[in-house]
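**Student:** For reference, the structure I am asking about is given below.
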């Protein structure tokens, strides 16, 4: 029997449909009297007005705020737009003020809002760049450093990775010392706790740039993270360090809390790895403490190739499962005590406890940028529960995006930001549509399902979630990583129930039981679940591996992003515009430009040619696997694996003798590569492109050939070279802009890294430039001219 409310709901829906039909009939009757062209224009305007009115009733306009902010940030970082910050703020105020005066204009009003917040986003991005003062080391340097340890983690092979706040450098004294460095120590030594002093000889270098023009710039993230150099130790740090020098890192309560946090993470990581052991222990530690250094490469490859790499990064999924399990446990416990559940708001108490648990999870996981973003989103949703508002809404996602952009605008350009928010928006928008469809279907029907029906519904929900999230994140995986886990939804469908119902709840239980010494059994059970996940990933990877799909255009990514936002965020029939946008994005996505003939990495050692059939051949028999894989994925030239799983890569058919190699590209470019700077003249005379893998001062060939040296590569970054069909001259595409971005300005600084012996009466941080002499280590000795400490 239907209830009275069901009958009233059906009656209301019927009246609503009747009114809509009457309104449509009146429009058609008014349009018939018009000429044919005017008739269709009139109907189109009426239809658009109705849809925009529906969006206004649904308050979709608020979603324009984060969208505008993201557009502004992207214009600064991707398009290189650098307006005056104060003029930008003034223009934003003018645009938003004009929008207030045009409230009744359904098209102009949202456009002005979008433009105004885009200008604010640009101002935020410019302001962040200007206030970030990270000093990136200008070149390679072997130097003794001293400074407190900020963080420590252990790698898979037992080495230690330290982040050190550099307090001083000596032998040589660097003119532009980085504030922080990250080094790997392979020598045996007593591990140094965070806050302890590290002092020793290290080999440092700046973060590398893009692997090829148009790819991700690896110097951007360290710049905003405050890390100015990477490197490794040359021997163990000294056992008897001198007293800690002044660092500027701050002290007091905040420093003590940071040290306690880091120590807690280290203890937890060691405990989890010891109890579980193996690959599973390393992944369990990554899920709880965020330390991923111990995960073996094969496990990383399995997870990455099956679309499960997101499980290694503590994100919204992990936060939501842990907080949701805590909320469910607290609320269920309170419901067992009627004296409490009838007098106190159990749901709000459970939400508050879940928020505290999520905050503790944030602290012990290291609070990296992705985890902070997830916590912000979760905190906003739990806050909505506390004030009796819906938790899972697009408005809450928009608020979380606004908070993240205000704190770290550059996060908009990262793959993690794009993928996490795209997945969240698609899930909320997709489930909203599905909920409406299910509500229409079940009117007047019985909703009671048996156990089998509930299981089918749960599995269907997991499948829909996997498809929606996978489809939303696929464009960004393709654009940033040039790979696509085509059957990733299979692995996600099989493993997500394990993570949701087994692995993450046991992670929370085990961590809570550590103080009582009862953590072994939940951690071991968690390890068993992770073993199943790895087995699934290994088998799916073996049978259905991911595909290298080549380069993707920015226009294709923008169209697909517009399709996702349109289909997920709009409430009216305008959401169907997402379909043609998606089709247009799929057509525009493949980069159909001819691949380059020659690739040169910025170290001058990694050189490769692309044949007409797409085959990638390397100059060195054993090139850097990281760079080689970047090039292979981008240009769809994946090398086969041998019996020992190592890739078998082709080599260039070059004539090599005494570090002097000759070869020709598919287009006929004559290339010479040499490490012997004395033969630079010969290379210039014989080649169209002469590559000298030394830091010589000669900048060009008198013969007209293109000269590539370590000094030119330092300014240009990696190169993609092809032959111009019309002129026959080499056409060069550079990876680093001219002028460079702030995170690449170190390329313009003096190099090799200058230093000098300080005088007694001089300040402790000398900044001088040498005149001529050269020191050991390849660093030049200063003899007089003063230079700026900044690039």
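Here, residue 1 is simply the first one shown, and the rest follow in order.
Positions of Cβ are set from backbone N, Cα and C atoms, glycine also.
As the structure is a computational prediction, the values presented were derived from the model and not from experiment.
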**Student:** Among the residue ranges 42-60, 61-79, 80-98, I'd like the one that TrEMBL describes as transmembrane segment.
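**Tutor:** Here TrEMBL associates transmembrane segment with the stretch 61-79.
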**Student:** When you get a sec, could you say which of 269-284, 285-300, 333-348, 349-364 is annotated transmembrane segment by TrEMBL?
**Tutor:** 349-364
**Student:** Which residue range, 230-254, 455-479, 580-604, is the one TrEMBL calls transmembrane segment?
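**Tutor:** Here TrEMBL associates transmembrane segment with the stretch 455-479.
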**Student:** Which one of these stretches, 153-174, 175-196, 197-218, 307-328, shows up in TrEMBL as transmembrane segment?
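**Tutor:** It is 307-328 that TrEMBL annotates as transmembrane segment.
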**Student:** Please give the sequence-distant neighbours of the transmembrane segment (107-127): residues at least 6 beyond its ends with Cβ less than 8 Å from one of its Cβ atoms.
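**Tutor:** Contacts with the transmembrane segment (107-127): 52, 61, 64-65, 67-73, 75-77, 81-83, 85, 88-89, 91-93, 95-96, 98-99, 405-406, 409-410, 412.
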